[in-house]
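Colleague: When I checked TrEMBL for this same protein, it listed these features:
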DOMAIN    1-331  domain 'IFT121/TULP4 N-terminal'
DOMAIN    336-650  domain 'IFT121 second beta-propeller'
DOMAIN    681-773  domain 'IFT80/172/WDR35 TPR'
DOMAIN    1004-1103  domain 'IFT121-like TPR repeats'
DOMAIN    1120-1161  domain 'IFT121-like zinc finger'
REPEAT    67-98  repeat 'WD'
Amino acid sequence: MFIYLSKKIAIPNNIHLKCVSWNKDQGCIACGGDDGLLKVLKLETQSDDVRFKGLAAPSNLSMNQTLEGHRGAVQVVTWNEQYEKLTTSDQNGLIIVWMLYKGAWYEEMINNRNKSVVRSMSWNADGQKICIVYEDGAVIVGSVDGNRIWGKELKGSQLAHVAWSPDSKILLFGMASGEVHIYDNQGNFIMKMAIGCLVAAGSVSIAGIQWYAGTRGYVRPDCPCLAICFNNGRCQIMRYENDDNPVCIDTLMNVVSIQWNHCGSVLAVAGFLRASTKDKEFNVVQFYTPFGEHLRTLKVPGKQMSGVAWEGGGLRIALAVDSYIYFANIRPDYKWGYCCSTVVYAYTKPERQEYCVVFWETKNNEKFVKYVKSLLSVTTSGDFCILASKADETQLQEDAGLETGSSARYVLILCNSIGTPLDSKYIDIEPLFVTMTKTHVIAASKEAFYLWQYRVAKKLTAMGINQVARTKKGGKENVYHIDIHPSGTGDAISDFSKAFTGRESGSIHRYSLPTVALLQKYTSSNRAYYLSLNCNSSRLAIIDIAGVMTLLDLDVSAASDSGTNRGSADSSKFERKDVWDMKWANDNPDLFAMMEKTRMYVFRNLDPEEPIQTSGYICNFEDLEIKSVLLDEIMKSPEKPNKDNLINFEIRSLRDSRALIENVGIEDASQFIEDNPHPRLWRLLAEAALQKLDLKTAEQAFVHCRDNQGIEFVKRLGNLHSEPMKKAEVAAYFGRFEEADSMYLEMDRSDLAINLRIKLGDWFKVMQLLKSGSGACDDALLQQAYNAIGDYFADRQKWVNAVQYYQQGLNQERLAECYYMLEDYPGLERLATELPENHRLLSDIGEMYATVGMCELAVNAYLTCNQTRAAIDTCVHLNQWNKAVELARTHNMKEIKSLLSKYASHLLEKNKILEAVELYRKAHHFLDAAKLMFKIAEDEAKRKSNPLRVKKLYVLAAQLVENYQEQVKTSQQSKTKGSKSEVSSALAGLLEVDACSSETGIVDSAWRGAEAYHFFLLAQRQLYAGLMENAMRTALHLREYEDIIPAVEIYSLLAVCAASSRAFGTCSRAFIKLESLEGQSPEQQQLYKDLALEIFTKHAPKDSRMVEADLSDSSEDRLPTCIVTGLPIQEYQFWMCGVCKHCALEQEISKYNTCPLCHTVL
């Protein structure tokens, strides 16, 4: 950063100031002094010129109001920015709160304890509370509306300072004895703060306590933000109130006041310094980073400094000295750079720990954002950018290219102009200073420097970047210590680049690149702050820590050091003060631009041009034009950079040449340019000569600036004989296309106008010219125009407009794409029907249909272009297996069965059995589906799931078997149609069913599982309905299904039903069966015996009536069982289900709408 005094405001009547405070939001400055002086000032910039924005604009006092109300010296002033209030206090203890009303400040509240003096006041971060501390130990915390929240007397303590924590949970009280006490926000004592910066005991007092609230983010995640400074110059900066490792500073001065800037990146320490040889004291302001690094020292005139205050943007600082307010301008060291028309800058956000790095492409006004943690610097050169930052530990562990046990703590990231990382290097030296060329990156710490010869892919492709990444381990990189002089390796080259390092002692070392051999040492009287080499490495610009710029002529200095007495060069006498930025021209070693305060100077051969008033940072100096960026304005709203903040300045020779051409003539201008040659001036002359059709002068000028295209253009103009034609060509050359069009049309050369527009890609104008032209229109060219306009709308995703032009241009491929993007599938279908067979577009249309799941249309499109395999693959992909099998059978493709089995196996491996069943069902492989369904039902039965669910699963399996039987019969009928009788074909179908299922027996017993669980459920429903005998008869029927339902459940149900219907004989036989079942434990068998003994001691084991259902299982003339009642059907007429083929009494089934067993609708 650089700082210089810029303005002074005198207080009337020479009244001495005691304090000053700057409102960071509204920009008002409050200053208090003796005799009750209290003034509110406001500086505003008034300029309509874009270049005069920021510090370069003239500032005037827009407000200068004296506030009356205090009688004693005003000692404390503090702002509440959130509520626009000013709180002041004087030596009598009077506190006044002021409010802004209609542009003026008025008293709002007054308070006076009449006991002691207010030593400090502080508003918390959100402006809701104020803490006031008195000298006698009294503490008052009040709200913004004037109500007291709490008060406390700290007996035996003399208070001097107070500060809130950023979260308003902690209060710090600075005592007159130099101690700092920590309290919570309710006034409860927590602890004393450990002061580590005071090394010797003695009487010291606190000069200031400042705790940055983090409103603009932090420069680093672990950034210290609490500063406590003592009057003896000792200062400590802490991360939090009980930080065990604070940053300690000895400022070597008597401190009066301290203040953080707006973002907590700079701490200003104001006070006075006593000269070592004299007793005279002088005022100084020292500037430090939060980590204790000294940045700058500002000397301030006057006798006694009493206060310091920062402006809201951190660009100015106000100093209260005697009866004056001094203003100093600050040029911050922004983290920024300029590469390839892109401004790269970084800033912090309060909600994020990382730096937000913005890559602002100024030509197209596009913005690319990248977040970097612990960013240290931004460096640019050519088309690339280097981001230096602290290495994240997780990145270090994950980076495969880093060797085990490496001590690398920092990383250099090489990015292109849109922020894409191209390469990175981990280093173990702290990159305090980083510079780069088109081939090398140099990072230096205080003791060593690191050299990296980077490589980048010529084209930004993944293959190119990966190739560079594979070879970067063997890349050229090395670390050199500043006191070890490398001799260089390899052959010497005549045209070598140069590297320079500046040391704190003032010496400057010159090295060759890439050999890194020490060539020369130079001695400077001051410590270098900024070094810059001109384009041919003949002269070095040096800006020292005090802002003094000097030039070092390398050849002359080398000759002088070697003993040759050649006298001093002119550059040795060059010296400029208050310089904070400079840039050499990229194309002229004698041209450079520098910033001196708020003025930009351009030097040619050390002769300055008239200064330009601006406060911009110089981006680039090329072609006699300086590009400057107003970073101060950009940082006010970094999310939305504005092109108005990018300014181009033309140097005097370019302005004079343009004025000569416009006002005097080409000949005089040509003579001036010959005396001051530059390619940009010759190009300017060539353009002016072309305007006047002075082809000879234009050709000479193009030759001087080596513009081959311009030379060819002039020759082409010389071959034209028509003057209007030449003018039209010149108009087109300078981009005045409308004028060129009108000239061509006046000459009746619409073809030239059309060709011009085709070159420009302006197809709208081409179509307009074609339609408005006389005579026949070129149909091919018109069709090309329609398609080009369709491409224009398609590129912008305006598909509806694109369809109209593609239809007129007969572009079926792009038309299909537009229909697809619009989801206009009827239009796509119409297009497919219009295409001839085997058209190459049909396969693309089929793929479009397949991606949206429209299987039928996709298959039709594939079949039309004879791509049967693609049609089948689409069916498989969309799970339309029945269609896939049908296509495979139609086209005699046998692979479908293997594919089907593979897919089913895949589903079964993932335990997706139901999906496999559905797959087989859709593919009409009903028997395979039935096998899986029976397996599911059996598994559910083993898990003792709900019997109704098990029954439904068996029903589904049986229905799949019925579907299989129907499929076999249908296929057999189609095979034997016309050759056999209907009876013989049915018989053949049955034989095929038997042949296919002979091993499994699934077809014969398809409904057994459903029957078993149907009667199992029916018996229990009858039992609960009180139909005891019917329940028993149904339970007797269950004895046939011991292979499906566990026997213990069957006979337990039978025993219950028989006992309920008083058929104890049947009940006894059920108990006998239960006691004889295998696999039961002795305890279970004993329970059955005990229960049987209890029942049959009371009831004889005889049935009360004959049990008709107790028939032999092997009886061949068994009667069918009614599935409604569970009773045998003895009538000749009964109802039979058409699906499951089970029977029921007609009077019973009439009560149902569906079959009780298979649930088929009646």
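Any Cβ shown, glycine's included, is placed from N, Cα and C.
Unlike curated records, TrEMBL annotations are generated automatically.
Describe the structural context of each listed feature in the structure shown, including burial, neighbouring residues and relevant distances.
Modeller: As a whole-number mean, the pLDDT of the domain 'IFT121/TULP4 N-terminal' (1-331) in this prediction is 90.
Helix, strand and coil counts under DSSP for the domain 'IFT121-like zinc finger' (1120-1161) come to 4 helix, 8 strand, 30 coil.
Packing against the repeat 'WD' (67-98) from elsewhere in the chain are residues 18-26, 28, 30-40, 105-123, 126-127, 130, 132, 134, 144, 146: each is 6 or more residues past its ends and has a CB under 8 Å from a CB in it.
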Colleague: Using a Cβ cut-off under 8 Å, which residues of the same chain at least 6 positions beyond either end of the domain 'IFT121-like zinc finger' (1120-1161) come close to it?
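Modeller: Same-chain contacts beyond the ends: 955, 958-959, 962, 1007, 1010-1011, 1014-1015, 1018-1019, 1022, 1030, 1033-1034, 1037, 1108-1109.
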Colleague: So how many of the residues in the domain 'IFT80/172/WDR35 TPR' (681-773) end up helix, strand or coil by DSSP?
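Modeller: Within the domain 'IFT80/172/WDR35 TPR' (681-773) the tally stands at 74 helix, 0 strand, 19 coil.
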